[in-house]
Amino acid sequence: MKKVEAINFLYVLVLSTTVFLIFTYKELTETKSPGGRMRLLWNWRSVQESYHLAVYPCIESFRVRAHLPVIYVVTPTYPRPTQIPELVRLAQTLMTVPNLFWIVAEDAPILNPRVASYLDGTGICHAYLAAPMPESYRGELKTPRGVSNRRAGMDWIRKHVTEGVMYFADDDNTYHLDVFEEMRWTKKVSMWPVGLVTHLGVSSPVVIDGRVIGFYDGWIEGRKFPVDMAGFAVGIPFFLSKVDAEMPYRAGFEEDGFLRSLEISVDDVEPKADNCTKIYVWHTRTQKATPAPKIATNITHFTDSNLSALEKELFLETSESAFH
Ligand code: UGA
Ligand code: MN
């Protein structure tokens, strides 16, 4: 009897050790790839906090190029038919820039799984945040577009980042790769020209002998810094030192309000792009597209065709359940 008990005990011991080893192995292999592990955690958080983070392709590459400051690109975006094409175009620029972290902030109460999965597929290290414009501004004649999104991006940076550079890149502009290398070593605030802004065709700091002495812009309107959102970058340590810096919900005055809140003078501005003689970013605007109508899949030769799959591409799914 004693012998049978001992064998049973041994049997249970071997079984539980095997189970324990399998779990530990899984845990260890996940921990070895830091991104994979973090991703699991953050996916859970995405449902809890409207927040989604994909880091694994990048942690290693940031380490390899540790001498290069990381550029944190904050992109406001919002649901509309041209959203994915805009993000594709921008992503295909950003994916070639080393040491870049993309913060995509969506003007919507919850994340869109289609956008999340597109972003994951780019391999770009990114955080995807839901940051809806407060309802009180929605009805206004001129709404402060992209402000709640940029503010959410800045909050994220304040919580998670200590080094690097911050840049606000709207989803519909055109970016030459050189603009990122120009901004990478920004100390306080760097600036450069932006093409296709107002009737003047360009908005730029005015530079004499390597110093900014004023601004050329088609819409001055009492602004101390009459510049476009795409025309400046901010050093993150400097930004963090200005604890009250914030972007106002004031259409047309977002850039000026934010730059004033950094408490800089025109003299502090670091001119880039060969003393503002080159254009590396353009304020292009995409023509609005009307939402596609439902495809009439009841028409005989449409039934069982590709069209029902295509329809899924046309309509943005927003249910949280698609995250699971
Ligand atoms: C211009 C400036 O380039 C913006 O930086 C500035 O926020 C805006 O004017 C303003 O003053 O309102 P513009 O091309 O006229 O931008 O505006 P959009 O491109 O339509 O919007 C700017 C950004 O906000 C885009 O990235 C867009 O995706 C986002 N957006 C726009 C939202 O998040 N929600 C909206 O309802 C509309
Ligand atoms: Mn735009």
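Quick reminder: no glycine exception, Cβ is built from N, Cα and C everywhere.
Per TrEMBL, transmembrane segment is recorded for 6-25.
The UDP-alpha-D-glucuronate binding site annotation in TrEMBL covers PRO76, THR77, TYR78, ASP107, ARG145, ARG150, ASP170, ASP171, ASP172, HIS283, THR284, ARG285. The DSSP secondary structure for ARG145 (UDP-alpha-D-glucuronate binding site) is coil.
The feature Mn(2+) binding site is assigned by TrEMBL to ASP172. For ASP172 (UDP-alpha-D-glucuronate binding site), other Cβ atoms within 10 Å of its Cβ number 18.
The active site, proton donor/acceptor annotation in TrEMBL covers GLU255. Counting Cβ atoms from all protein chains shown, GLU255 (active site, proton donor/acceptor) has 21 others lying within 10 Å of its own Cβ.
Annotation for ASN275 (N-linked glycosylation site): same-chain Cβ neighbours under 8 Å, separated by at least 6 residues, are VAL207, GLY210. Positions annotated as N-linked glycosylation site by TrEMBL: ASN275.
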### Proximal but sequence-remote residues of the same chain as THR284 (UDP-alpha-D-glucuronate binding site) (Cβ under 8 Å, at least 6 apart)
ASP172, ASN173, THR174, LEU196
### Task
Anything from the recorded positions GLU255, ASN275, THR284 with its Cβ under 6 A from ligand 1? List those in sequence order.
none
### Task
With an 8 Å cut-off on Cβ-Cβ distance and a minimum sequence separation of at least 6, pull the same-chain contacts of ASP170 (UDP-alpha-D-glucuronate binding site), or say none.
THR75, PRO76, GLY146, MET229, ALA230
### Message
Using a Cβ cut-off under 8 Å and a sequence separation of 6 or more, which residues in the same chain sit near TYR78 (UDP-alpha-D-glucuronate binding site)?
### Response
GLU106, ASP107, ALA108, ASN149
### Query
Which residues, sitting 6 or more apart from ARG145 (UDP-alpha-D-glucuronate binding site) on the same chain, put a CB under 8 Å from its CB?
PRO76, ASP107, MET133, ALA251
### Among ARG145, ASP170, ASP172, GLU255, ASN275, THR284, the recorded positions whose C-beta sits under 6 Å from ligand 2
ASP170, ASP172
## Note on the structure
CB neighbours within 10 A of PRO76 (UDP-alpha-D-glucuronate binding site), counting all protein chains shown, number 25
